[in-house]
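Notes follow once the structure below has been shown.
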């Protein structure tokens, strides 16, 4: 502990010097070596012994991570590195590479200004590399590149020196292509990666060595010498001459921006408030004396301290006892402790100034994504957009009935810690549902509930999450209130694909200027008249008021929207969420007396009209899809392809490199159960594979009724698909 305490003192000494701070994330595809790299950097900072680096997996402190050999959470740590005679503070977050935990990567990218992208020299850029790079660039985070496992290329693939240079060059070119296609403006402004200037390092995290061009000039050790060291099994000697932490940390300090530099531009990406307001100016300048602006990116429950909220402080200074406002919460929360993270350990410090990553307790009303400020009127930060959506659900029940109240509380707490997890608690049926990113995600959450929260649970086999939508138009459909005094006429049709994309990307919200919102909708393909009459949207569904001059409508609109929301939260086909529909209110007849047009009259009338309208508009069920990427030797290709095609998969592309083939396919999530074992046996265990969320697509027509029947039976509903008249009973 003495050693850590000393490092903590050096960290605190640098906190007030934002020009000497680097907030960075380490991102990569699964198993490309992020956590092993993190260990090396920590060993270089004196936090763990060099011998244990790569074996200790300091950042994978959860027993589940160590048992599975993967990173599940984003762990953060602060350390000190000396560069050109000055000390620098590096706040580092190690992120997961498995697609099921991509939400952790997205949230970590909000807290950092730079990212070290780790790529396996042998496998090259993989699908998840592309995903994490896109997340970084979307958040205005600058990348540098570490090409890992160079020793594998030399010793396993036995490539010649010339071939090695070509292959390494290809890895850099591929990453540059991705950066250019995603963010050309920054690419041209100097974000292009170039081995010659030192924004790329090469090495082996497992054997603790790395080189970069600036370091080659200092040490005289270049690729030829590295090749010889690896071939003659003298990598231990190489790690003493070219320690990994020097090459990588030097690259971080030279190329990744300090908070002072980064916040000038990043604030405009992640915050849409008034830049000339006191908080806007303070954040742009990273001013420790300005109003507090803190964004929560992670919440973890500490058994002793309670909820610990970790996040990035963009302006102001956090001090114990401070009363702060949380976006969307009417009362203030008081900070109880302020600290920094050292992996699993939280070290308390007196105060934390702007530009740092802080871990605080006392913000009991905060959730991931909350804006915390000393200014009650601060515009909140942009919401954190997750790349994937939940695609699988499990039903959870307590083994002992006496644990039921505790289970409900634990599930609420778990949803707070992990926003990519959707928890629905049906108070009527007593069924608790957890929807997550995949089998592994749900399995890990269930294990943690039992281990950390002490609740014995039973889970059902995973069920796929479906969506409901329409392919045709219907209406006007008349919805009558129970007292027959109010009538609503609603048309239903599919929402334009361009508008759906705009909604998914979060490009519009109801707080925007109407003119700006209308312009974006028209550009996305919406009719001018309809764009003017848009009243609200929920998810990717939109409600329009096409009526003119109807008395009492304005004061009833809130109830109408409530009815619309109820109808699309649980659609008519099988009570699954609705997506991609447009509901148009074309006529209304309202009772003049407000008593006769209250919630009990308006909400069911609108809900039934929307539900019946969906059933009349050629309804369809959408199923979640995944891209599947498989790298396999040519002689095993047949086994892999028949496995894909036998599961309703479609092969999109095939690329050959050497004797390896990369297959890109698209498959329904419903067919992915047991895929890991099947692909292993189909290719004699020689396939490398990964997946990525590919959105929702209509289920084949010949499977629709069967699937609907199964879902309805499982939910305890009448098995037959309902008809419009079921919802329009007089």
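Backbone N, Cα and C atoms are what each Cβ position is placed from, and that goes for glycine too.
Annotated features, as they stand in Swiss-Prot:
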BINDING   28-35, 94-98, 148-151  GTP binding site
DOMAIN    19-260  domain 'tr-type G'
MOD_RES   596  diphthamide
Rounded inter-Cα distance in Å - residue 28 (GTP binding site), residue 596 (diphthamide): 60
For the residue listed as 'diphthamide', nearby residues of its own chain (Cβ under 8 Å, 6 or more apart in sequence): 483, 485, 486
Within the predicted model, mean pLDDT of the domain 'tr-type G' (19-260): 79
Entry from the binding-site residues list 28, 150 having the most other CB atoms no farther than 10 A: 28
Assigned conformation of residue 28 (GTP binding site) - DSSP reduced to three states: strand
